[in-house]
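Report on one structure; see the data block that follows.
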Amino acid sequence: MAAPLALVLVVAVTVRAALFRSSLAEFISERVEVVSPLSSWKRVVEGLSLLDLGVSPYSGAVFHETPLIIYLFHFLIDYAELVFMITDALTAIALYFAIQDFNKVVFKKQKLLLELDQYAPDVAELIRTPMEMRYIPLKVALFYLLNPYTILSCVAKSTCAINNTLIAFFILTTIKGSVFLSAIFLALATYQTLYPVTLFAPGLLYLLQRQYIPVKVKSKAFWIFSWEYAMMYIGSLVVIVCLSFFLLSSWDFIPAVYGFILSVPDLTPNIGLFWYFFAEMFEHFSLFFVCVFQINVFFYTVPLAIKLKEHPIFFMFIQIAIISIFKSYPTVGDVALYMAFFPVWNHLYRFLRNVFVLTCIIVVCSLLFPVLWHLWIYAGSANSNFFYAITLTFNVGQILLISDYFYAFLRREYYLTHGLYLTAKDGTEAMLVLK
């Protein structure tokens, strides 16, 4: 499989290199769908200029990236395009090997359950085969590298790509069972954009499975391992934050980065749900509604952990999607990361109810973003309501699509144990309904 992956990487790099050299690069780098106040390359350049002048990059209200990022590009500014292409390639490679290992685990678990006669007798068509799973890692790499969202994000030099790489390596190290490296990469991802802290739960659940430790409140081994992983994660995060302080000799980055993410002071339009509401809202209501909006990212973690404790990788997929929808400053690069996982769940396709309609909604909205932006900002024949309407439709489409995958996953799991052909007590055919 190395040759096909190498071919995909070559094609992806070629496409990016061609776009970097085209006149479109400048246009893409200014698109509000592709960059946000957090991830904009122009803001990174501004921060670097301030740093070169001996001024704190956080002294103004422009730069909101982490200190490690600004020091990374302080040395690699001349190779920025190459850095972003390598970043995308590393993300795809990490996802490739992560899913390759995950498929092996899935197949072994399926084989064991078949031997233990845990599946219903009429579900042979739901059983996954090695041939069916063989090309899934390559498809994942393909879905990530050649996704237009990923390409646009790379060409715009959005720092969202770096966050995607950190999350991809967190997934890889978690699936490999490396507790320490998993904690480090999760800490780096949290340090970068804060929201990946919610991935702690699925990461812990998967590592518990790898260690054959039951997820039981009364289990001593469960609490010991959870404490160890939490301490590794928190310790790594503290070390990274302290390193940032030593680089800048200042704590200014904490309110400038994390305060900015949580308080949402910059209402530049984007593909998220925050900007329009807070632009229209009275100032004295804003704190309450900021809390209401922010809690969405964290609120679903506990119920999902309870429902999907036996399926932590699917839980991780859902949680990444929730982050990309409900974070304060989302971009299409965030959407591209969870979309890369669609081939992993191709066995759910038969149970998806509205996938065609929802895919059309997402594609059409993606095409209408620049049209309605032009009508609003340049032509003056539309207003912010038009742009926010398409943004809202785009996010509703994503929410319904992820809900559809969640329903399909639960439905397949139920059929595996209860059989495909369900009957009611009176012998008539029954229908499975999610409540």
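Residue numbering: from 1, along the chain as shown.
For all residues, glycine too, the Cβ spot is worked out from N, Cα and C.
Lifted from Swiss-Prot, the feature list:
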- 4-22: transmembrane segment (TRANSMEM)
- 23-78: topological domain 'Lumenal' (TOPO_DOM)
- 79-99: transmembrane segment (TRANSMEM)
- 100-136: topological domain 'Cytoplasmic' (TOPO_DOM)
- 137-158: transmembrane segment (TRANSMEM)
- 159-178: transmembrane segment (TRANSMEM)
- 179-194: transmembrane segment (TRANSMEM)
- 195-205: transmembrane segment (TRANSMEM)
- 206-222: topological domain 'Cytoplasmic' (TOPO_DOM)
- K216, K309: cardiolipin binding site (BINDING)
- 223-244: transmembrane segment (TRANSMEM)
- 245-286: topological domain 'Lumenal' (TOPO_DOM)
- 287-306: transmembrane segment (TRANSMEM)
- 307-311: topological domain 'Cytoplasmic' (TOPO_DOM)
- 312-331: transmembrane segment (TRANSMEM)
- 332-345: transmembrane segment (TRANSMEM)
- 346-354: topological domain 'Cytoplasmic' (TOPO_DOM)
- 355-372: transmembrane segment (TRANSMEM)
- 373-384: topological domain 'Lumenal' (TOPO_DOM)
- 385-406: transmembrane segment (TRANSMEM)
- 407-435: topological domain 'Cytoplasmic' (TOPO_DOM)
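DSSP assigns K216 (cardiolipin binding site) to coil, not to a helix or a strand. One residue stands out among the binding-site residues K216, K309 for having the most other Cβ atoms within 10 Å of its Cβ: K309. Secondary structure by DSSP for the topological domain 'Cytoplasmic' (307-311): 1 helix, 0 strand, 4 coil.
Taken through DSSP, the topological domain 'Cytoplasmic' (346-354) splits into 6 helix, 0 strand, 3 coil. When the topological domain 'Lumenal' (245-286) is classified with DSSP, helix, strand and coil residues number 26 helix, 0 strand, 16 coil.
Mean pLDDT across the topological domain 'Cytoplasmic' (206-222) comes to 88 in this model. Counting residues 6+ beyond its ends, the transmembrane segment (355-372) has Cβ neighbours under 8 Å at 31, 33, 148-149, 271, 332, 349, 382, 386-387, 390-391, 393-394, 396-398, 400-401, 404 in the same chain.
Sequence-remote contacts of a segment are chain residues at least 6 beyond its ends whose Cβ falls under 8 Å from one of its Cβ atoms, and for the transmembrane segment (137-158) they are 1, 4-5, 8-9, 11-12, 15-16, 19-20, 24-25, 28-29, 31, 33-36, 39-41, 44, 80-81, 84-85, 87-89, 91-93, 95-97, 99-100, 103, 331-333, 335-337, 339-344, 346, 366. Same-chain residues lying 6 or more positions outside the topological domain 'Lumenal' (245-286) and placing a CB less than 8 Å from one of its CB atoms are 32-33, 36-38, 56, 58-59, 61, 63-68, 71, 193-195, 293-294, 325-332, 335, 369, 373, 384, 387-388, 391-392, 394-395.
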